[in-house]
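Quick look at what TrEMBL annotates:
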type     : residues           : note
ACT_SITE : A:His581           : active site, tele-phosphohistidine intermediate
ACT_SITE : A:Glu654           : active site, proton donor/acceptor
BINDING  : A:Arg630, A:Lys665 : substrate binding site
DOMAIN   : A:18-444           : domain 'Aminoacyl-tRNA synthetase class Ia'
DOMAIN   : A:757-884          : domain 'Aminoacyl-tRNA synthetase class Ia'
DOMAIN   : A:925-1027         : domain 'Methionyl/Valyl/Leucyl/Isoleucyl-tRNA synthetase anticodon-binding'
Amino acid sequence: MPDAMEPRYDHTKLEGEIYARWEKSGFFNPDVCVEKGVTDKDAEPFSLSLPPPNVTGTLHIGHAFEDAIQDIMVRYQRMRGRRTLWVPGTDHAAIATQAKVEGMLYKEEKKTKYDLGREEFLRRVENFAQESHDTIVKQVRRMGTSLDWSREAYTFDEKRSFAVRAAFEKMYDAGLIYRGARIVNWDPKLKTTVSDDEIAWKEEPAPFYYLKYGPFVIATARPETKFGDKYVVMHPNDKRYKKYKHGDTLKLEWINGSVTATIIKDDVIDMEFGTGVMTITPWHDATDFGIAERHKLDKEQIIDFDGKLLPIAGEFAGIYITKARPLIVEKLRAKGLLEKVDEKYLHRVATNSRGGGLIEPQIKMQWWVDVNKPFAMGESSLKGIPKGSRATLKELMRKVVKSGQVKIVPERFAKIYFHWINNLHDWCISRQLWYGHRIPVWYCLACGGKADKKMGFAGDVVPQVFDRKTRTYRLRDHGFTVGDRVAFENSATGELFGYGTMTEIAKTTVAEIDLKDPKHWKTYEAREQLIAAFKRHYPEKDIRSDTPVWLYTYVFDQTIKKSDGIRVNPEIKSRWFLVRHGETDSVKNNTVDGWQDTPLNETGLAQAEKHAEGMRGKKIDLIISSDLKRCKETAEIFARTTGAKIIYDPDLRERNWGALEGIPKSERDLHHQDASYSYHGKPERGESFADVEDRSWNAFQKYLKLYADKNVVFSIHGGPIRLIMGKLRKWSFEEVLRYYPPVSEMVALDISAPCAQCKGEIYEQDPDTFDTWFSSGTWTFSTLGWPEKTKDLATYHPNSFMAPGYEILFLWVARMILMSGCLLGQIPFKIAYLHGIVRDIEGRKFSKSLGNGIDPLELANTYGADAVRMALVVGAAPGNDLKFAESKVAGYRNFATKIWNASRFVLMNKPASASAKAGNLTAKDKAHIAHAQKMKKAVGAHIEKFEFHLAAEKAYHYFWHTFADKIIEEYKPLLKGDSGVAQVRAYRVLETILLDSLKMLHPFMPFVTEAVYEKFLPKKMLMVEEW
RNA sequence: GCGCCCUUAGCUCAGUGGUAGAGCGUCACAUUGACAUUGUGAAGGCCGCAGGCUCGAUCCCUGCAGGGCGCACCA
């Protein structure tokens, strides 16, 4: 007797067993298929990469949908005999993951990431990601996906990280990546930049203020940005303002006093809008930035990176903009500058779609991918862009789709894609996040890759030599001449800001210098300095208050030369860490502690342990420590973890404060200022800063000569650290005093080959990380081993098929095309099948906040994964959203039962003897069988045309309403009849059709079909049967 | 502003230059059946509106209305 079938199909039991059997068979791996002879070794390859789910997420209905589509294609192609590879993996999703862990950290421990420090925070993220990974991978399996798990990848694993670094280097060398200060989307909440495509726009009703700006009326929804506005812009053809000429200046009363405004004519202005006149805020608005760039106007920061107003806002400085706005409006009203308010205005507000805050445009030094710069194509199989030709990334992205080499399904998305390319700007790829691929750029610590001449500006970039806070200094000793290459940095933070070439332009007057200075600045002095500078350059001219002043300006130069002390992927000889000892009671009580031999207290011991934890895996060879007790104890703790030897060196001791040891710091600072704040000042019986710098720097240099190839940890004091850092960075003594070595972090120094510019050997890596889409852009080929020339890469790239959701067409699909195109000269995939969004029955997206979530796993447990897959596929046309209801799943659960029962009926009638005579098939028998084969073919044709919904429906109908309802009924009398031969014949016909039907249903409902198939052919596996 | 799409049965949606389709729902009847998850049948549609091309339009074209979405340099 054949195996009997249970009266009911029990998916809960069978689906798990069957998946385990598939995995054990190894047939998910095309190499095994070839090895075991189920696939021809020369068979045409068919490949795809799973859009990697976020490692910290859980499987939602959208994944289930996406995975079902791909699995249908994969199973079909595998059964068709192709060497089919579907690569699984997960995504580290930098910003989303970091935000999630930050959220948990705050909720559970009331801590921020800064409390933990970068290292410790990243360890937490990694742990969380690892746990989470196991969950989601299990969930992906649950849906029946036939992924080759032996090739599983992670966007943040070693191989993928290597690929990302290689990608950056290659694009940098090709001139496609540059560093430059440009306007960015800044998220003050997550404290990072965000790319244009990650912005979500919201429309909000907001009051629209009409303000009197001298003779003009300007309209704005954001009065808080207007403090620095000194350019008033109008259309050149606007007759109303004909009497104002470009470059004219006029004095007028503004928020915090009198200002001089300059007339600018630009045709970006819409004469119809508002009053046809506007003032500009180039630092905080992309349009205004564009105008300022075109006309070489000043740019000034009004809002800081926390979202608070800067000193330029006068009495409003330090206030968050949302709070300041009504106050500012009140002041404007009081001064009579508020003309009217339009309450019904709809304002478009940018928000960070990754759960961040309100976007505030800022100018910031970032890394960019230039989409408009032609580059030389290397090896290329791209149509229309042969090897050696030149193209821009925009052209590349456009051409491969236009030529049909990459086909976007459904086609209408190609139009959207082109439209997007037309409006595309350079892609900002750096993020100020901790979790993610670190940008593989190292800066020489001494010269920072900066140009020879350095320029500091208190308020970030103010393109003139003339700086608001330190202008006198600037004008006295700048020593620049036109054409000099200079670096600009924020003198408060030391942040490198931009590179440029000095030029000169005339656009202000001596008088203006007075007028625009708030009282507390040394206006008179500044003016005198300016005049002096002017005289130096134009000795023959008279100076009057209305004399135009030629100020130095620079033009941004957005590329950086490698020789400028910037290294991409350098070979790091060794890593050195400067660690400050932990807390002592003196530190805690704020008393002076120099050579006193105080031990660590409990907190201090814990801090040392935490650092030691961070040293695991860093292969520390040597510990060099001050011989004072607090450092000694710290070093010993490090030694326990790392096993490294300790060298004690009294030259690395803290400053000897002599007579001042043990007194409160406040007293020291107040009564011994010379010792506290001057370089050479010396307390009685103690040392000066100069003395300490001398001995500790010499010691450091000595060790650098001895141990440049070893990984070294310095367990030392705050004093030597800041002095050594000061020497390394060539700081002034004032800068040294401003720097406090962090207790929560180790200062990491990387030793590499000497800098071409200044011979320094010590580098530090860019602290920023990549936009997560920069790494996901490499997904189709980094998963196959690129940049190595692997067999997988040669065989399976480009991918045959890719099935992401249309919502990531720009974020991901376009970026894969870009990166694959410029790095490999290949398309990433032949087909981009874009699926829609699964929505609830009211058409809303599923979301946690709405509480309308449907858990696909719960559904799979209730109805079976097969039913869930069918419910998702049927009725989902390419690119269309799918409204989804549980009742649909129930319907397909019924279908699974139908398959089981119909098969069970056929099996019940199986002849006892395999050799039982069936007689000849009748014409009708043959017609039924032929029809079934025709249907199978039709189903296959639909799949090949990406009409999965039609394919599924066709297979469904055939089985239920033709095979079960008609054919089985037709043959029932024969089966029940007296003729043994006819019985056998009837069985043979039904079995033939059934097995074919199972094949055509298998891609859609793999579990139940596999379960049934083996009842008939116990030695076979339907998954690899021939279609 | 530029662009893409949708409007078909009560609901959710397919679809085609020639009599209009599915699932769910509704109604009637049948059912100790391989099927408690079944079967047979029925009702239900000026295929958004108005023009045009065509022998023929739900489908192609134009316009309009309503809805959705993408992009943008909407002060």
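Here the Cβ of each residue, glycine as well, is placed from N, Cα and C on the backbone.
Just so you know, TrEMBL annotations never went through curation; they're auto-generated.
Mapped onto this structure are the features recorded in TrEMBL.
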residue  : record                                          : Cβ neighbours (10 Å)
A:His581 : active site, tele-phosphohistidine intermediate : 28
A:Arg630 : substrate binding site                          : 28
A:Glu654 : active site, proton donor/acceptor              : 23
A:Lys665 : substrate binding site                          : 16
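DSSP gives A:Lys665 (substrate binding site) a helix state. The CA atom of A:Lys665 (substrate binding site) is located 15 Å away from the CA atom of the residue listed as 'active site, proton donor/acceptor'. Taken through DSSP, the domain 'Methionyl/Valyl/Leucyl/Isoleucyl-tRNA synthetase anticodon-binding' (A:925-1027) splits into 85 helix, 0 strand, 18 coil. For the pair A:Glu654 (active site, proton donor/acceptor) and A:Arg630 (substrate binding site), the Cα-Cα distance reads 11 Å. Mean pLDDT across the domain 'Aminoacyl-tRNA synthetase class Ia' (A:757-884) comes to 90 in this model.
Counting residues of the domain 'Aminoacyl-tRNA synthetase class Ia' (A:757-884) by DSSP class, helix then strand then coil, yields 51 helix, 22 strand, 55 coil. In this structure, the CA atom of A:His581 (active site, tele-phosphohistidine intermediate) is 6 Å away from the CA atom of A:Arg630 (substrate binding site).
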